[in-house]
Amino acid sequence: SKLLACSLFACGISTVLQTTLGSRLPLVQIPSFEYLVPAMMLSSHLSPGASTNRNGTAMASTCLVPHCRDTGSWADSLREVSGAVLVSGMIQLVLGVSGVCGWAAQHCGPMVLAPSLSIIGLSAYKEAAFFCSTNWGVALLLMLLAVTFSQHLRSCRLPFCAWPHAWEGSTESSVPTLRTFSVLFPFAGVCIVCAILSYFHIPWESLDPAMAQLSWANSTFNAPWIHIPYAGEWRWPLLTPRALAVGIAMAIGCSMNSVGCYVLCGRLLRVPQLPPHACNRGLCMEGLGSLLAGLLGTLGGTASSIANTCATGLTQAGSLLSVQVSAVACMVLGMSPRLAGLLTHIPLAVHGGVLCVTYAMAVGTGISYFQYADIDSGRNIFIVGFAMFMALLVPRWFGTALTPLATGWVPLDLLFLSLLMVPVFLTGFLSFFLENTVSG
């Protein structure tokens, strides 16, 4: 609960910085998926309880009971992962200040944006399927309600929902309320249904023993009501060659994700193309947020949220004020570990339903960029097909390979694995390289 509270606190501050001094787009900052794979790669080499299976692969043992006695070793591992997050924040600051982010954004044409945004959406399909599998009925109910509100009833105007325009001195007869709350209403309604089923002890969620034990271990009853995060609470981050290598991978992956998120947000809200200096400022603010997250001891930095951006596309509510209110809410939750811990009780099927609806928007937005390119060109067909296919193939191969990548130097192994396991990096790198080197 304390770790989650620290992460929410850093995300709230980073969101305020992004919306005021950064890109000034309505972007919520969260610990991105791009931090997850490098952190897992690093932790697999740091776990003191790691064992070796019959294939020679390191397997990390996890302590799931509330009073784990291996806290010292766990804290050391946490320090090195926080050190990697700190390094990623520094590199993002350098990329933003030097103008590399804006330069790269200028050279990203439709043949780069189309496959990259599509893969950003497709990269979450495994997690979405895993979450939905706990109860497909709950997930499908949420998807049905979200699609109905955002698509079929998007023009439905409720007469009792009027919005005054202070600058015009007039009041609209009504506003499209169902579309505006097409994510919030289904989310709240399905959570209430799940709470009712749990209250009457009706079994509806299928969790494997490990997940059930994990949720029991994450009980919030012992968490304090008020606890303000501060730097060095989990001891200071540890900077090692391994943390440096993983931090570089985190920075590259999250920077590419953020540039895609800026483009995606502008496309969904139909605003003019973001200028290079705004991209650079946005990445600088994300770097500051990751620096703060690393100092607070969290396991992930801050990056622009693809899911929230896609939700903005569904609701068409691109207000900076609403995002800043959510940032304040994150900071309040960050100062109360017990309240923050309540978020862990949201059913996994609800998470799965939200991911299915939101990330589908990223896939569709990526496909829409094909209209600006000659898709009948053999060159363009090859670039798109090769980049997307390799982005799905390479992580799959490394995830099932019996012998992991071994160059003889562990930091270099971690750097390559952390990059090659992230589909967004592979798609962005291959499409950018081919688009700017292959004539046509």
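Residue positions begin at 1 at the first shown residue.
Just so it is clear, glycine is given a Cβ too, placed from its N, Cα and C backbone atoms.
Caution: TrEMBL annotation is automatic and unverified by curators.
Listed features, source TrEMBL:
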- 1-18: signal peptide (SIGNAL)
- 128-149: transmembrane segment (TRANSMEM)
- 183-202: transmembrane segment (TRANSMEM)
- 243-266: transmembrane segment (TRANSMEM)
- 287-307: transmembrane segment (TRANSMEM)
- 346-369: transmembrane segment (TRANSMEM)
- 381-402: transmembrane segment (TRANSMEM)
- 414-434: transmembrane segment (TRANSMEM)
Under 8 Å between C-beta atoms and at least six residues away from its ends: which parts of the chain pack against the transmembrane segment (183-202)?
138, 141-142, 145-146, 149-150, 311, 314-315, 346-347, 349-350, 353-354, 357-358
Run the contact check on the transmembrane segment (346-369) against the transmembrane segment (128-149): 3 or more C-beta pairs under 8 Å, excluding pairs closer than 6 in sequence.
yes
Look over the recorded stretches 128-149, 287-307, 414-434 and say which has the most C-beta pairs under 8 A to the transmembrane segment (243-266).
414-434
Mind checking which residues reach the transmembrane segment (414-434)? Cβ under 8 Å, same chain, six or more beyond either end.
34, 37-38, 41-42, 45, 104, 107-108, 111-112, 115-116, 119-120, 122-123, 242, 245-246, 248-250, 252-253, 256-257, 260, 382-384, 386-388, 390-392, 394-395, 398-399, 404-405, 407
